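Working notes for the structure below.
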Amino acid sequence: MTQLSTHPWDDDHLKEECGVFGIYGIDEAAAHTVLGLHALQHRGQEAAGIVAFDGHRFNAHRELGHVADHFSSGKVVERLKGYASIGHVRYSTTGETILRNVQPLFADLEVGGFALAHNGNLTNAYALRRDLVRRGSLFQSTTDTEVITHLMAAAGRGDVVERLTEALLQIEGAYSLVALAEDMVIGVRDPLGVRPLLMGKLGSATILASETCALDIIGATYVRDLDPGEIVVIDHSGVRSIKPFPKRQHRFCIFEYIYFARPDSSLEGYSVYEARKRIGAELARENGVPADVIVPVPDSGVPAALGYAQEAGIPFELGIIRNHYVGRTFIEPTDHIRHLGVRLKHNANRAKVDGKRVVLVDDSIVRGTTSKKIVEMVRAAGAKEVHMRISSPPTTHSCFYGIDTPERSKLLAAQHNVAEMAKIIGVDSLAFISIDGLYRAMGQPRRDPDKPQYCDACFTGEYPTTLTDQTDNSPRQLSLLTENA
Ligand code: SF4
C-alpha cells in the first residue's frame, strides 16, 4: 500500500511498506491479529489497523502509531469481536499522515462489507483512479489500494470473489492482499509473487501473514507460501484456491532477504537469517580485504557480517552498539542536532575498534548519509583503517513495488561510481556484492527462463512489470483535504 503522493525521505535506509495478517475460525480473532501485527511491526511503524467480523457486523479500529500504542488496551480488543479478522501495519515517514489512509480500508459494496489490507504498490493506480473518478467514483483515501474496492464496485455483477478477481485483472504491480468479507477471509498474491504472503494453521483456524514470525508468535504452524497469482478463499467450508492469471515467472523481491524481513522468518522456504549469512560469505569471497575485525552495522547487517567473518576467518565483534530506546518521535530541530542524531541511534565500541583495521558490513547504501556518519564515528573511536562491505549490489534505481525509496537522483549509487562513493563516505575501501554473487548466494542461476527468478530492479533497472504511472505526466490532484495527523 502506498500513499499516492511524494513524501520526504527521513533516513538512510529503505523502508518496507506494510505487513498484513488475517485469521479465520477462532475466538478472539482480533487478539490473535494484534499479536501477529506486533511480530510484523518492523514492516511499518506509521499506523496500524484491525477489522474483525462477528457474524453480523464488522468491527474496526485504526490508529496512527505503533501497535503497542493503540492495541494493548483490553477495551479496544474487546470491542473488536469476531471469529475472523484482518490487520495491517503501515510504514513510517516524516510526511503527512492521515487517518483515512490507514488500513484495512473498508467499503460497503453491493455484495456486503469488504475490508482490505495491502502490502505492495500498484503501478497503474493513478491511471485507473482517473478513469474511475470520471465514471463517478468518490475516493475517500489517497492510497493506491482504494482503486481495488472501486473496481469491485464498478464490476456491477458477481459475488465478492468474482468482483475481486475482475478488479485484480485490471491492476498492475506488486500486491499481497488480505481481505475480510462477510464470513470469509481472502488472501491474494500478485502474478509475479513480488511481496510475501503465506498460510498457517492453529487448530482449526487458518492464518495468512506476511512472514512466518507472525505465525510463531501465536503458536501457529506454517503450511505454505501462497503461489504467485493465487487467490485463497477461507470460509466455513475450508480453504479454496483460485488461479485466474496466466502463469508468469516468479519474481520475489530479493531485498526481503537482504534487509526487510525479520531474520527469524522463513520466506519461500528459505530462512532469512541463513540467506543473509550466505550473502555475507559470498561478499567475503568476492571482496575480501586484510583486516583485524568484522563489525556489523546494526541491526540488519549482523547475519551478513557473521557470514563474512566466518568465511574470511576474521573475528566478528560488535564494534557499533545500537541504542534500542530511541523514540521514533525524536525531532531534529537544527542541522547541528540532526548531525548528532546518528549518535543517538549508534555508538562506536572503542574497546573493539581502537587501533584496528575494521571491515564494516551493512546491507545497503541509499543516500550515504548514515554510512558517512558511522564511518566518522568508527574513525573517531580509533580505527586504523575502515573498509565497508555491502551485502547488496549498488542501489541504482527506485522501487515501484512497495518499498519506500527516494527518487533516483537521491540515490548515491545512481550518481556516483564505487570509487567516488568510497571517497564521499570516507572509507579506505568500499565494495558491494555483485548481482551474480547475490544469485549465487541464493543458489539460483540468474535469468534462467526455466527457474523462478527474483525482482532485482533496484540494482538492475530491469522492472518485471509495466510502470504505467511512471510514464504518465498528467496532473495528479488527489485531494484538497488536509487532516490532522
Ligand atoms: Fe524488491 Fe528492489 Fe524489486 Fe523493490 S525493486 S521489489 S526493493 S528487489
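Cβ atoms are placed via backbone N, Cα and C, with glycine included.
Database features, via TrEMBL:
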type: ACT_SITE; residues: C18; note: active site, nucleophile
type: BINDING; residues: C253, C399, C455, C458; note: [4Fe-4S] cluster binding site
type: BINDING; residues: S300, D362, D363; note: Mg(2+) binding site
type: DOMAIN; residues: 18-237; note: domain 'Glutamine amidotransferase type-2'
type: REGION; residues: 466-485; note: region 'Disordered'
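Shown here: features listed in TrEMBL, placed on the structure.
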{"residue": "C253", "record": "[4Fe-4S] cluster binding site", "Cβ contacts under 8 Å, 6 or more apart": "A174, V194, R195, P196, F260, Y401, I403, Y454, C455"}
{"residue": "D362", "record": "Mg(2+) binding site", "Cβ contacts under 8 Å, 6 or more apart": "P296, V297, S300, G301, S371, M388, R389, I390, S391"}
{"residue": "D363", "record": "Mg(2+) binding site", "Cβ contacts under 8 Å, 6 or more apart": "I258, Y259, V297, S300, G301, A304, I390, S391, S392"}
{"residue": "C458", "record": "[4Fe-4S] cluster binding site", "Cβ contacts under 8 Å, 6 or more apart": "F255, T395, T396, H397, S398, C399, I403, T405"}
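Residues C253, C399, C455, C458 make up the record's [4Fe-4S] cluster site, and a Cβ search at 8 Å around their centroid adds V194, I254, F255, Y401, I403, D456, A457 from the same chain. Taking a Cβ cut-off of under 6 Å from any atom of ligand 1, the recorded positions C18, C399, C455 reduce to C399, C455. All protein chains considered, the CB of C455 ([4Fe-4S] cluster binding site) has 25 other CB atoms within 10 Å. DSSP assigns D362 (Mg(2+) binding site) to a strand segment in the three-state reduction. A simple way to gauge crowding: the CB of S300 (Mg(2+) binding site) has 21 other CB atoms within 10 angstroms, across all the protein chains here. Each of the recorded positions C18, C399 was assessed for Cβ neighbours inside 10 Å, and the highest tally belongs to C18. When secondary structure is read from DSSP and collapsed to three states, S300 (Mg(2+) binding site) falls in the coil class. Confidence annotation: the domain 'Glutamine amidotransferase type-2' (18-237) carries a mean pLDDT of 94 in the model.
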